[in-house]
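I have a structure I would like to understand better, so I am pasting it below and will then ask my questions one at a time.
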Amino acid sequence: MSVIKMTDLDLAGKRVFIRADLNVPVKDGKVTSDARIRASLPTIELALKQGAKVMVTSHLGRPTEGEYNEEFSLLPVVNYLKDKLSNPVRLVKDYLDGVDVAEGELVVLENVRFNKGEKKDDETLSKKYAALCDVFVMDAFGTAHRAQASTHGIGKFADVACAGPLLAAELDALGKALKEPARPMVAIVGGSKVSTKLTVLDSLSKIADQLIVGGGIANTFIAAQGHDVGKSLYEADLVDEAKRLLTTCNIPVPSDVRVATEFSETAPATLKSVNDVKADEQILDIGDASAQELAEILKNAKTILWNGPVGVFEFPNFRKGTEIVANAIADSEAFSIAGGGDTLAAIDLFGIADKISYISTGGGAFLEFVEGKALPAVAMLEERAKK
């Protein structure tokens, strides 16, 4: 990968626009999982230390584009950064026609999705972003798969476009896991978004020695084996695809599950065989026997790629499956890479961050890289490096 790296540049006195991934969960105005901000801090601190005039921005949530909405403001992120940095930090809401930044100051530019044209990679908006800076730093691996104005368009028009340390490290670590993995390689794909991940399973089936499915994805595989999944989240139209994958690769399907009659934090969990799920029940976690089977597989792995929980771990009664799997990954001697928002939240919850070899900040980008797709933001940086 040939891109200009931020670490190769002298940023003193330069106006530096960092596109970070600060899309973190917020509750009651407070950041509830800071993994992505923590990952971005070294990049911000490096630019400040060099005496740059630093601007940082991100998207947060899914507001209606072009409209300000306090619920999706970056203010909670700004308050978090004020606690962590000794430098002055301020939030600027209207910045498209220019913003004054002092050396050693951090200006957080409000949620890019409040700007009309952001998601469509609008050229006029991209040029306005580019006019704010001398150096554009793309450091948001989590959005590198989207061609948007703040991740892609700006890079075409900025004087200099480079990869931040976090983005560069992500690409190196993922390259190591996917190009020449130590074997056996085990890939875990969980979470609720089944349709978006079946193509990933297909790609991974060609690289991994063992695939593991969890969450809503596992329910589709349970249905593919002819079991009733009741009111569980699954995708009936993808059952045939799941059947095909079951014939072409080794995928352990849960033999026991935890169910409830409602999707709620207080719903009691019932542990039962996968054969006994009733019409009014929904599967919210894998059972103990299934979790132990997966733990055994993970114990013997040499490379582990982890994307997504195996149950609704946010609810204490349906946490055990993900906890057993997470601890098995933490205890394994394998080179482990974990990615995706829910996965990061699980790592935080179980306190195992220091036992994972590499934690990727990307969700969709992580999966698209795994699929072997070109990431638009990375392709743009490679193109700019040739000039």
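A Cβ is built for glycine as well, from the same backbone N, Cα and C atoms used for every other residue.
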Looking at the substrate binding annotation from Swiss-Prot, with ASP21, LEU22, ASN23, HIS59, LEU60, GLY61, ARG62, ARG113, ARG146 already listed, which candidate in ARG36, ARG38 is the matching residue?
ARG36
Figure out which of LYS176, LYS179, LYS197 sits with GLU314, GLY340, GLY341, ASP342, THR343 in the ATP site per Swiss-Prot.
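Candidate listed by Swiss-Prot for the same site: LYS197.
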Give the residue from the binding-site residues GLY61, GLY340, GLY341 that has the most other Cβ atoms within 10 Å of its Cβ, counting over every protein chain displayed.
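For the binding-site residues GLY61, GLY340, GLY341, the Cβ with the most other Cβ atoms within 10 Å is GLY340.
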Express the distance between the Cα positions of GLY340 (ATP binding site) and ASN23 (substrate binding site) as a whole number of Å.
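Here the two Cα atoms are 12 Å apart.
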Between GLY61 (substrate binding site) and GLY341 (ATP binding site), how many Å separate their Cα atoms?
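Here the two Cα atoms lie 12 Å apart.
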What does the structure give for the C-alpha distance between ASP342 (ATP binding site) and LYS84 (N6-acetyllysine)? Integer Å is fine.
24
Of the residues named as substrate binders, ASP21, LEU22, ASN23, ARG36, HIS59, LEU60, GLY61, ARG62, ARG113, ARG146, how far apart in Å are the Cα atoms of the most distant pair?
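Of all Cα pairs among the recorded substrate binders, the widest measures 18 Å.
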Want to know which recorded positions, from LYS84, LYS197, GLU314, GLY341, THR343, are within 10 Å of ASN23 (substrate binding site) at Cα; which are they?
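The recorded positions close to ASN23 (substrate binding site) (Cα within 10 Å), listed in sequence order, are GLY341.
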